[in-house]
Each structure stands twice: as structure tokens, then as C-alpha cells.
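Q: So that we are looking at the same thing, I have put the structure below in C-alpha cells.
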There are 2 protein chains.
Amino acid sequence: MTDVETLGQHACCGGSVRFLRHQSSELGVPATFGIFLPKEALAGEKVPVVHVLGGLTCTHETFLIKSNAVRFAAEHGIALVAPDTSPRNTGTAGEDDEYDLGTGAGFYVDATHAPWSAHYRMESYIRKELPALTESLFPLDGNRRGIMGHSMGGMGALNQALNHPEFWKTVSALAPICHPSVIPWGRKAFDAYFGGDPAKWKECDPTLLLRSGHQHPTSILVDQGLQDQYLADLRPDALVEAAKECGQALDMRRHDDSDHSYWFIQTVIADHLSHHAKGLKA
Amino acid sequence: MTDVETLGQHACCGGSVRFLRHQSSELGVPATFGIFLPKEALAGEKVPVVHVLGGLTCTHETFLIKSNAVRFAAEHGIALVAPDTSPRNTGTAGEDDEYDLGTGAGFYVDATHAPWSAHYRMESYIRKELPALTESLFPLDGNRRGIMGHSMGGMGALNQALNHPEFWKTVSALAPICHPSVIPWGRKAFDAYFGGDPAKWKECDPTLLLRSGHQHPTSILVDQGLQDQYLADLRPDALVEAAKECGQALDMRRHDDSDHSYWFIQTVIADHLSHHAKGLKA
């Protein structure tokens, strides 16, 4: 058992929000994450769990406190696990220089190129290390595990679910980066983390994954605001087209007046928890 | 009409969250506030409005984004107005030195002592200037105006309602500072802002206001967590006792497992919006 330090614990909506830190073997540094345990879990019942991935610049706390997700997770008796968006304080040269690379911008991939490859291993962290750790500590049901995220985290959730559909039983995304390999954010991160190897792109680009035969057995829920200031870089149409071509069920809901903010997330979050509850508690 | 600059505008829960900046005549500096307009207000209907006051270190944004209040305000068709917790960048010596005095810590009083008295006039700002401004800009019903707040802001809400019960028709508070003149936070702020004049205390201490005959015609709703790390400084028992002695209706709800955080606020916020809706929409 890894040593885990409790940094904070707060009663919320009948359950408990906790912040924990552990020495991550994948990341090679201490990592902090948040978790919400509904009252059913506090009573010892094994509950479904949804992992929530934040966007650029977010921490392990941002999505939990700003999204309103806890209220609806409590209503459904679902736990939430919220990792950070990158390793921190790794000593990697340049990691704090830009908001969209390094700290706060791990893109949920395993870097293969130095200097990033030593610590920037968020893909393995959120799929291998964090679920195993949290499921060893708390009554979370590994057979009922979903994933969702916002923006860069929406991309991470889609990539995880399409690469490992047996591991993540349900998936949804809020304003996700749908086709990172063709836009500046994604190309910059992929060029750094993969050293310019385009062969890696198809493993972490939701649109390319769909085009190369990856699918998820459930319908994917995506919400996208049409006033989103980053709409041109998110490429929801590419995801819709790829899903249509391969027969992937996808419910892409577009909202005329919504932007990219947590105000948008607060507007639709109840539907995302209902989506996961329906899939995980069926 | 004062010039008002819109800093941000976000669709949320069918309505609109906006952040606005204006040159405040009371504060003598530009002031930023947040507002939530429910869909009824966007359609031109005059709606009830609840002013929400944050605690120490908070900005005009904190309570709105972290409390979940917007969702329930939308359900009730109520607007929210969220002022900052102090003036900012006034140039007052020492205003940024401590978290509990100056910037982020205006205590919602009008300072009478130099150097604070030039700009630190939050009592007048939130009662005179901000309601008049927002009600001139948006369809808010000045006859249906409530106030609530958290911690220092809970104290501010109680003081406003007890001093001006005709102005604020409903009132509630979350973990408020109930008896500031006998605890370190309050004494430090009052000594600075009032230059050690204890005669001012009775105007801005909820417990002293009740003891000196001030009352509110409605029942006051207060929620207080018993795991609150500041419980000894909040003095809820003093407020309960003073209310009992003078016959003020007060619903002090104590929660065994809750602390002072926004996780606690998220747990009870729905009841506060219901409380104000009941009073303002009767």
C-alpha cells in the first residue's frame, strides 16, 4: 500500500470531499487528487465511480468545486475522482513557462520524448495508478467506472474511453478538444511530448481514434457551446463526422448561447451525472 | 448614469452571469461586481434580487462560482448581486499586508478613521450605491430585495438587515461572524477602521444590534457547521441568546459534520434560496 496523506476532508451533500497526496510511481513526484465519496460509500457500500478530468491550468480541485458535479453525484450515489492536470514541480526545464505546456497541461498523455518523458505520464497515471490506488482505499466498484472531462480533459476522457472501452464503462465530455493533432494547442503539446513523432498522434486524438477503428460500446455524450471562444480549435464537427463514418453512437448537443466556462459546465452538469448513472447503475 | 464596463458575460442555467466594473463614488476607485440575471429578467420581467456577500479574501466572483447559488436562483427566478469584499488598489498604506484587514477584508463597514476612511466605505457601497446602480441597469425589483452572506459576509448581511429592515426584506447567513466586537478578527478590523472608538461597534455587531433593540420582521435563517475551524470566533450562541432575549425569530441550524468551506455552503445553499424565494415571492 502506498502512503497516502490526507490534506483536507470536508462534509458535502451528505458525503465527503477529500484531498489526498501520494508519491506517484508513474509521475515520479508527489501527486494530489480529490475524491468525493457519497453517503453510500461512507456506509461501506461499493459505489460506481466517475473520474473527472479538468482543462488547461486547472488543479485537482477546480472541477470539483466549480462544476456543481458533487451535488448530482451525491443524488446518484456515485463517487468522483479528480486527478491533477499534470505532474507538478518535477524540475523539468520549461515546465512553468507556458500555460499550455508542462504544469497544468499534461494533456493526459505519456510523453516519450526527453525531457518530458521522465515525469509527464498522465495517461498511465489516470488509467493504471490512480484507479488502483483509489479502489484499494475506498469502496469503489472497478466494474462500474466512468470518465468525463472538460476541454483538454474532455479530450483525455474520450481518448481513455476509446483506447480502453473495457476499463471505462461510460464516457462524456464538455467542450472537448476533439481533433488535437490538427490544431495549435495539440500540435505544440504533441511535438514536445512526442518529439515530433506523428505516429503517436493517432493514440491520443479522439477523431483519429474513431477513424482507425476504435469505438466505445455506449453512446458518448458531448456538450458544446456555440459561443465558445475556442470553438475553432475544438473541432466538434470532425468528431461528429468520424463517429458517423464508423457508426459510433454520439450525442453531440450544441448550445447556442454557451461559452467555454464553468458557467457552461454548471448549466449541463446534471445531465452528465445522469448519463453516467444510467450507464453504470443499469 | 454611471459608466459601466462589462468585463464578462456567460450564459448559465438559462440566465446570464455578468461581471461589471464602474467608478464607485463611495469607494473612490473602480469597483467590480458580479450579477446573475435569471431568464425572467432577460425577458424584461422585474424579478426579486438577493445580494450575496463573500467572506475574507473572496472577490466578486468567489461566492457566485463556488456556492452553487446560481442554479437555485435560476429555479426561483431570482437575481443575485455579488459585490467585492472591499475596495481594491486604493493606495491605502498597508492594505495588502494582511488577509484580514484592507483588501479582501472590508467587513462591510464605513471606516471613520484615517487612512481607511477615504476608501473603505463598504456599508454605504452595498446599501446605497450598488442596489441603486443595478436596479437602474436591470429589471430588479427594489421592493423585493434580500441579502445573505458567508462568514464576514454573513456578518455583513445580518448587520445590513438589522440596521435597515425596510430595505432588505429577507436575510440569511452561512457561518456568520455573529459577535465581532469580542473576537480578534472583529476587534482588529474595528480598531483600524474606527480608530478604537467602541461606540461604533454596536452599529456593526449583529449580537449588539439585537441587544440594543434592532430586529428584522422576518425569521433569520442561519446555518453553522460544528466542525467549523473558526467556530470559537463565530459565536453563534451569542446570536441565539440575543435573539431569544429580544424575541427575534431566528432559525439557527447546526450541522454536526460541516466545516467553514464552500463544500458546506454547497450542502445548504438550496435552502437559502428557498428561504429568500418564500419571503420575496410571497
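Every residue gets a Cβ built from N, Cα and C, even glycine.
Residues or ranges marked as active site, charge relay system by TrEMBL: A:S151, A:D228, A:H260.
I'm curious about the neighbourhood of these features; can you describe it?
A: Taking a C-beta cut-off of under 8 angstroms and a sequence separation of 6 or more, A:S151 (active site, charge relay system) has the following same-chain neighbours: A:G55, A:L56, A:L174, A:A175, A:P176, A:I177, A:Y230, A:L234, A:H260. A:S151 (active site, charge relay system) carries neither a helix nor a strand DSSP state and counts as coil.
Shown in sequence order, A:A175, A:L234, A:S258, A:D259, A:H260, A:F264 are the residues of the chain, 6+ apart in sequence, with a C-beta less than 8 angstroms from the C-beta of A:D228 (active site, charge relay system).
A coil conformation is recorded for A:H260 (active site, charge relay system) in the three-state DSSP classification, outside any helix or strand.
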Q: Ten-angstrom check, please: count other Cβ atoms within 10 Å of the Cβ of A:H260 (active site, charge relay system), all chains counted.
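A: So the Cβ neighbour count for A:H260 (active site, charge relay system) comes to 21.
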